[in-house]
Amino acid sequence: QCLGQTWYTSVDMQMYVMLPIMFFPIMYYEKIGLIWLAFMTLVSFAIPTVINHVYQFPLGSLVIPQDKMEDFYFFLYEGPWSRFSPYLIGLFTGYIIYKTANKKVTMTMWQVVLGWVLSAGIGLLVIYGGYPYNSLDIETFAQNRVPTQAISDVYNGFNRGAWGLALMWLVLACHYGYGGLVNSFLAHPSWQPMSRLTYGMFLVSITIQSLIIGSQYSQEYYDHLTVIIITCGTLFICACGACVLSLLVEGPVLGLEKLLFTKQDKKKKDSPVNEEEVNKTHDILNVEAPVGDKLN
């Protein structure tokens, strides 16, 4: 519990271990492998949907009844079977990029526009679609905005995979030159220093947020400006913590790896070379070089 978010590193490792089962068929029987991957992707959408229906979880995590909270987090929120859909969509994305590595991919204007509209629409539905039902606001409860179980099942079962689909188009569009301003923004060099700190910020974020919340001794009244100020301050402190973590852990480990690999490269350079091959190379250089530049 010291690092509450590390449950996801465990989930990510389990999905990584399952990767050969998902991807090896494509290497030997491409068509069958793609069908298998598509089937498992559909299964990854179906599993959380069925789980949500069986346990009758409502839409969103803020309104889960206390007696269902433990089951919700174990079966639906933290279970690797409920997190697999965006991972498999990522595999499809990598496969497409791999297969078109030496090809020029062209799309018509209507295809590009349709892709961006669908991607933006899906992303906005994931973010804001559950907002009316995932609120603790008194007015919301007074209006009795309770979704049907079917809506809850679809949202809780599909939202993660749908977000993966939206990002899939963003990655492919930017990769093939159809990203426009989005690609210019995301690929700007100013993001490079921050990209080295993002994982460190992920690791220290909950601890820092807990410290900030625990240091409050009075009731807090929230509005948009207050939340923006707290968010920016938290991000800044997390970035400072990530810098310390990078200097104390990541930097020394990378330096150690560099020393080890450099040592191996040096051994390869210092290894004995076949004398006959050296003489052949020497003769070739003597023949091909100009008379005044021949090597002795």
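Using N, Cα and C of the backbone, Cβ positions are placed for all residues, glycine too.
Note: TrEMBL annotation is automatic and uncurated.
What TrEMBL lists as compositional bias 'Basic and acidic residues' is 266-285.
Under the heading domain 'Acyltransferase 3', TrEMBL lists 2-239.
What TrEMBL lists as region 'Disordered' is 266-296.
Residues or ranges marked as transmembrane segment in TrEMBL: 13-29 (among others). Beyond its flanks by at least six residues, the transmembrane segment (13-29) meets 36-37, 40, 80, 83-84, 87-88, 91, 95 of its own chain at Cβ-Cβ distances under 8 Å.
As annotated by TrEMBL, transmembrane segment applies to 34-55 (among others).
What TrEMBL records for 81-98 (among others) is transmembrane segment.
Outside the transmembrane segment (110-131), and at least 6 residues removed from its termini, the chain residues within Cβ reach (under 8 Å) are 59-60, 155, 159, 162-163, 165-166, 169-170, 173, 178. According to TrEMBL, the feature transmembrane segment maps to 110-131 (among others).
Residues annotated as transmembrane segment in TrEMBL: 162-186 (among others). Panel annotation: around the transmembrane segment (162-186), residues 85-87, 89-90, 92-93, 96-97, 100, 105, 107, 112, 115-116, 118-120, 122-123, 125-126 of the same chain, lying at least six beyond its termini, place a Cβ under 8 Å from a Cβ of the stretch.
Taken from TrEMBL, the feature transmembrane segment applies to 198-218 (among others).
Here TrEMBL flags 224-249 (among others) as transmembrane segment. Beyond its flanks by at least six residues, the transmembrane segment (224-249) meets 194, 196-201, 203-205, 207-209, 212 of its own chain at Cβ-Cβ distances under 8 Å.
Note on the domain 'Acyltransferase 3' (2-239): its mean pLDDT in the predicted model is 88.
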